[in-house]
Every structure is written in structure tokens, then in C-alpha cells.
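Asker: Pulled these features from TrEMBL for this protein:
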- 38-484: domain 'Major facilitator superfamily (MFS) profile' (DOMAIN)
- 138-158: transmembrane segment (TRANSMEM)
- 164-187: transmembrane segment (TRANSMEM)
- 199-221: transmembrane segment (TRANSMEM)
- 227-250: transmembrane segment (TRANSMEM)
- 291-314: transmembrane segment (TRANSMEM)
- 334-356: transmembrane segment (TRANSMEM)
- 368-387: transmembrane segment (TRANSMEM)
- 393-417: transmembrane segment (TRANSMEM)
- 429-450: transmembrane segment (TRANSMEM)
- 456-479: transmembrane segment (TRANSMEM)
Amino acid sequence: MSTRAETKGVGAISSDGNLNMAHVQTSRKGFCSVQHGLALIVHLCNFSLNSQKMSLSIAMPAMVNSTAWPGPLNASTERPSANSQDGWNETLQQLKAVAPLYDWSPEIQGIILSSTNYGSFLAPIPTGYIAGLFGAKYLVGVSLLLSSILALFIPLAADAGVLSLIVLRIVQGIAQVMVLTSQYSIWVKWAPPLEKSQLINIASSGELMGAFITLLVGGFLCQTKGWPSIFYIFGGIGCACSFLWFPLAYDDPINHPFISTSEKEYIVCSLAQQDCSPGWSLPIKAMIKSLPLWGILVFYFTGFWTFNILMAYMPTYISSVLQANLRDSGILSALLLGVAFISTILSGLLADFLHSRNIFRLVTIRKLSTAIGVLVSSVVLVSLYWVRSSISTSMGLLALSSATTTFCQTGALINFLDIAPRYTSFLRGLSQVFGHLSGAISSTVAGFLISQDSEFGWRNVFLISVSINMSGLVFYLTFSQAKVQDWATEQTVTQL
């Protein structure tokens with residue numbers, strides 16, 4: 001397909017990042033398209049990753065709580081009567097064989113839960129650079145398979161000791177972040193500007209769906225099959241998804257064997273005006289001086305501070321503060337993620353609608369979405385301590401927070417695609433460093449505060465989170481832009 005044919009009938013991109021489509025020869029096929037099918041495949045990959053990550057969060061209470069011992073497979077969980085001591089001793093041995101218990105303090109639990117972040121900040125930058133040059137197909141597939149295999153060995157690692165479990169989780173976290181980083185290079189060649197938000201949100205919502213399903217069934221599995229079953233089930237699902245990935249995912253529409261000519265031409269024409277070709281050289285000095293880029297990076301740190309705490313400690317908060325049992329805490333946490341999942345899809349559709357109808361400029365959409373996500377969730381977090389006596393009120397506020405926080409996904413969290421499309425993978429990797437560094441610090445700090453003061457620990461965790469989130473929002477709103485930066489154009493890079 002010649003360059004003339006690809007660019008025919010395509011409008012120009014305005015300086016503020018808006019695409020004016022005067023005429024496109026081919027029409028969009030909506031959700032019945034290969035590009036949406038690819039988004040669904042990436043969704044499944046993200047589902048597998050986050051189900052593996054959240055498995056330990058829901059299993060942790062059962063691993064350390066002696067009252068949560070599950071019964072062995074195909075056996076009754078009812079405790080024998082006092083006059084049958086031999087039967088009780090036999091049951092204890094069976095329970096120990098199925099699900100060993102560990103004497104881990106809250107501090108140790110916080111370290112274990114956040115250990116996936118400890119090595120993760122080493123992988124995103126080189127992963128993003130390599131994915132931008134050579135594509136994401138094999139990086140995503142191999143990394144997902146590695147993470148899934150490691151998930152199957154978590155019960156053995158826990159039985160071997162805390163150090164073994166932490167090391168395994170660190171390696172698994174590196175594999176997971178390689179998937180989450182490299183997959184963004186796909187959208188550089190697959191996502192037309194007017195469908196970018198919805199495609200990315202469909203794909204990224206897999207993380208929420210993975211956590212939703214894990215929390216929904218995790219408590220039940222802990223009480224019936226034993227906590228190791230969680231890792232075996234979701235590790236197996238991840239292996240299956242990795243084998244599905246290789247024959248169905250391609251780095252660009254031109255090489256895809258199943259895509260129609262009309263859809264291929266539509267995607268190519270829509271992206272013809274964007275400078276998406278990767279380069280070997282990186283304008284590091286210009287990036288360091290770029291305030292719009294720093295606005296995104298700072299928000300990744302502040303935004304993921306609260307996100308990581310809630311993802312890691314939500315079941316613990318519901319069970320300890322709201323006094324729900326293990327099974328109900330998993331179900332209630334899952335409902336919150338279900339709300340977030342729906343909101344993620346709708347926010348992506350809304351952002352593309354506002355952009356395609358020219359109701360708001362793209363930069364306005366990014367800032368408004370981010371502001372909604374931070375301000376509403378901050379008000380909720382501040383209020384939680386004073387309404388903790390009412391589980392219905394607390395859950396309602398948490399549902400509101402879950403729904404609005406996802407608006408950040410159509411705001412600051414994908415803004416790097418606007419300012420430097422040719423460096424999407426690298427900048428995604430760079431932003432992941434800030435996000436994982438935030439997660440490593442926030443989860444550890446939260447565990448320390450909660451262990452030091454059971455009454456005011458959660459209040460302090462929430463107040464600190466709100467302060468950090470608000471500072472990141474102010475910085476982002478001040479410096480964010482949505483137009484391609486000068487340092488991200490081919491002419492500027494050539495001169496450098």
C-alpha cells in the first residue's frame with residue numbers, strides 16, 4: 001500500500017491534539033473489528049496478570065489466620081467434638097497438609113504484598129525501549145507465561161520460607177511489568193485517534209476484571225479448597241492465555257492475517273498523520289526538561305500510591321475495620337472492582353465521544369478526567385474514618401470512589417500517548433517505574449501504620465494518601481498538555 005493511498009482523504013491534526021477528519025475512505029466497524037478483538041485479547045492477558053497478583057491479597061488472611069483453616073478436598077470442615085481427640089488431631093494434620101499457616105506480622109505481610117514492586121522498577125524502561133523497536137508480541141507472550149508458571153509455585157515458596165516467597169514474587173513482578181509495559185506499543189499502530197481511549201480502556205480493564213473475579217471467588221476457595229488452589233487455578237488460566245496470545249496477536253494491522261482490507265486501510269489512514277515510527281536515539285535531555293512529561297510522571301507516583309494500597313489491603317480493611325468475614329470481604333471487594341470495571345469502559349467511550357464531536361479539546365478531556373478521578377476519591381477517603389461504623393455507608397462511598405478513580409485512565413495515565421506517540425513504549429516504561437516505586441513505598445508504609453495503631457492507623461493511611469494525590473493533581477493540571485512535543489518529532493530527533 002503506497003503512502004499516497006494511505007494518506008488520501010485524511011485530515012490534519014491540530015496543534016492542541018485534536019484530529020479533524022475531513023474524509024476517510026473507509027468506515028469504522030465498531031466493536032465487530034479486529035482491533036477490538038485485539039483489545040479483548042490484551043484484556044484477557046491483563047486479567048490473568050492481576051488475578052495472579054491479587055491472589056495473595058485475598059489468600060493472606062487465610063494464610064496467617066488460624067480460624068480460617070479450610071478443610072481438605074472432599075472432606076468436611078466441621079471440627080470434631082471434644083471427646084474425639086484422635087479425630088481432631090488427624091484433622092489438624094490434614095489441614096496442615098492442605099494449607100500451611102504462617103506466623104507473619106503485619107509488617108512482614110506488607111513486605112510480602114508489596115514485594116512484586118521491589119524489582120519491577122528495573123524492567124519497564126529497557127522493556128519499553130525494546131518493545132518500541134521490535135514489537136510487543138513475543139515480550140508479552142513469554143512474560144505472561146513466566147508469570148503464570150511462577151504463580152503455580154507460590155505455595156511451595158511460602159512453605160520454604162519468607163525469603164523464598166519474596167524472591168519469587170520479585171521475579172514474578174518483573175515478568176508482569178514487562179507485559180504491562182510492552183503491550184502499549186501495540187496501540188501506536190492499532191489505535192486510531194478517535195478510538196484510542198476506548199481501546200486502551202477495554203484492554204486495561206482486564207486488570208480490574210482479574211481482581212474482581214479473584215476477590216469474588218477467592219474467599220470461597222480459601223474456605224473450601226484451601227488457599228493454594230487460588231494460585232493453581234489462576235496460574236493455569238494465565239498459561240492458557242499465553243498460548244492463546246501467540247497465534248492471535250500481531251504488532252501491526254498490516255501483517256495481521258485475518259483483518260479485512262477496509263479496516264486495515266481505515267487504521268492506516270487514521271494514523272498516517274502521526275509520527276509513530278520508533279527511533280534508536282532518545283532525546284533524554286529534552287525529556288528531562290519537559291514539564292508536560294514530568295506532570296505525567298509525578299501523577300503516576302501520586303495516583304498509584306492510593307491505588308496500590310486499596311488493591312493490596314481492601315479485603316483486610318473490609319474484614320478488620322468493617323467486621324466482615326473472610327468470604328464476605330472478598331465478595332464486597334469484588335463488587336467494588338466490578339463497579340470500577342464498568343466505569344472504565346464507560347469513561348473510555350465518553351472520552352472518545354467528547355473528542356470525536358469536538359465538544360472539548362483533548363487537553364481539556366485529559367485534565368477534566370484526572371480532576372474527577374482524584375477529587376471525588378479524595379473526599380471519600382477522608383470520610384471513611386468517620387462512617388466506619390456503618391458498613392452500607394462505607395461500601396457506598398468506596399463504590400463511588402472506585403467508579404470515579406477510573407477516570408484517571410482517560411486522563412493523565414494515557415497522556416504520554418498524546419505528547420510523544422513515537423516514544424509510547426519507552427514513556428510507558430518510565431511511568432511504570434514511578435508507579436511501581438510508589439507501590440513499593442505505599443504498601444510498606446500502610447502496613448507499618450496499621451500495625452502501630454489499630455484505631456488510627458487507617459485514618460492516617462487515608463489522610464496521607466489524599467495529601468499525596470492532591471499534590472500530584474495540582475502539578476499535573478498546571479503543566480499537562482495534549483499536543484505532540486517538539487522533542488518527539490522526527491525532525492527534532494534527527495537534529496539531536
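A Cβ is built for glycine as well, from the same backbone N, Cα and C atoms used for every other residue.
Quick one: how deep are these features, and who are their neighbours?
Answerer: Sequence-distant contacts of the transmembrane segment (291-314) (same chain, six or more residues past either end, CB-CB distance under 8 Å): 53-54, 57, 113-114, 117, 211, 215, 333, 336, 370, 373-374, 377, 381, 405, 408, 412-413, 415-416, 419-420, 427, 430-432, 434-439, 441-443, 446, 450, 461, 465, 468-469, 471-473, 475-476, 478-481, 485.
Within the same chain, residues 299, 303, 306, 347, 351, 360, 393-394, 397-398, 400-401, 404-412, 458-459, 462-463, 465-466, 469-470, 472-473, 476-477, 480 sit at least 6 positions outside the transmembrane segment (368-387) and bring their C-beta atoms closer than 8 Å to a C-beta of that stretch.
Tertiary neighbourhood of the transmembrane segment (393-417): same-chain residues 184, 187-188, 196-197, 200-201, 204, 208, 292-293, 295-296, 299-300, 303, 306-307, 322, 332, 335-337, 339-340, 342-344, 347-348, 350-351, 365-374, 376-377, 380-381, 383-384, 387, 423-424, 427-428, 431, 476, 480, 482, selected by CB-CB distance under 8 Å and a gap of 6+ residues from either end.
With a cut-off of 8 Å between Cβ atoms, the residues of this chain six or more beyond the transmembrane segment (456-479) that come close are 291-292, 294-296, 298-299, 301-303, 305-306, 309, 317, 321, 367, 370-371, 374-375, 377-378, 381-382, 384-385, 388, 412, 442, 445-446, 449-450.
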Asker: With the transmembrane segment (227-250) as the reference, which stretch in 138-158, 164-187, 199-221 has the largest tally of C-beta pairs below 8 Å?
Answerer: 138-158
Asker: If you average the pLDDT over the domain 'Major facilitator superfamily (MFS) profile' (38-484), what number do you get?
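Answerer: The predicted confidence over the domain 'Major facilitator superfamily (MFS) profile' (38-484), as a mean pLDDT, is 82.
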